[in-house]
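Okay, so here's the structure we're looking at.
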Amino acid sequence: MQEANHTGHSQFLLLGLSEDPEVQSILFGLFLSMYLVKVLGNLLIILATTCAFHLHTPMYLFLCNLSFVDIGFISITVPKMLVNIQEQNKDIYYMECLAQAYSFMTFFGVDDFLLTLKAYDRFVAICHPLKYTLIMNPQLCGHLVLMSWFIILCVDLIHILLLMELTFSTGTEISHFFCELPQVLKVARSDTLINIIFLNVVTVLLGLFPVSGIIFSYFQIASSLMKMSSLASRYKAFSTCGSHLCVVSLFYGTALGVYLSYAMNYSSHQSSVASVMYTVVTPMFNPFIYSLSTLRESLFLLSTFAVSSGDQGNGLYDLLVSSVWIRVQA
């Protein structure tokens, strides 16, 4: 094969999940359905959190950003795969492949950081309810979100700059349904040692620090729950974390499975199937998980606030709960 440097006219071939026409027809319908469900669900969450004034809180700010990231997460991979199946065309331009890899890594990294911020939000809400509005003020939350985007954009830009220094053969075949960085590095014709080292270092750092933050937050939450005398209060407080814990488990569980599949040199087909879990299937459940717990979390946080503030807070608690139920009944 002829070797070529990176140019806008060079093409890769995305082999996808299957070359069987019958299987491709099934995959087309399945992925199109999951894509529409996920985009519609997240758009509804964004619409609800932006239009409802009483949802303009840190918890829902992070949730709104998560929904936006989830839409981007799936929109940069699935539509291209659907077009390739429909047109029976596996081509993807080199620059398009780089853009897809960069966007995917960015949304993945921001998703990672936002899950950590939501864990911190739960920690402050349960462990320091009286200081919640003071600590989680709009300025701090906005800066945290912007900082997450800035860090990930800069780190992923280095990935792409290093990738542009590599040489690929004309018509290189990628055994995947999108341009995932580890798969692209596998088909490079030049030395990828620096790329692999940087990828592993970033993966460890951006995985270790957020996971450590989540573990620390829930350790503190567990300690606070143990100090509560009422079993019902413990259950109510912990229930506000249920949706987040579920999403975190799905996100990191599937991502870890993909990372291990690469580390253990599993076949490209097995790695592609594993990637489907955390790029398509897992994010599809997020809108349902968060939507079902939204009202319950609001009521439980009010209950936690009342328990922490003691008898003096009972009047305020009753007023707030009444206000919530008035909105619900309206």
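The backbone N, Cα and C atoms fix where each Cβ goes, glycine too.
These features come from TrEMBL:
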type	residues	note
DOMAIN	41-290	domain 'G-protein coupled receptors family 1 profile'
TRANSMEM	26-48	transmembrane segment
TRANSMEM	60-79	transmembrane segment
TRANSMEM	99-120	transmembrane segment
TRANSMEM	140-162	transmembrane segment
TRANSMEM	193-216	transmembrane segment
TRANSMEM	237-260	transmembrane segment
TRANSMEM	272-292	transmembrane segment
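The list of residues near the transmembrane segment (26-48) in space but at least 6 beyond its ends in sequence, with Cβ under 8 angstroms from a Cβ of it, reads 17-18, 55, 63-64, 67-68, 70-71, 74-75, 78-79, 81-82, 85-86, 280-281, 283-284, 286-288, 290-291. Spatially, the transmembrane segment (140-162) is adjacent to the transmembrane segment (60-79); three or more Cβ-Cβ distances between them are under 8 Å for residues at least 6 apart in sequence.
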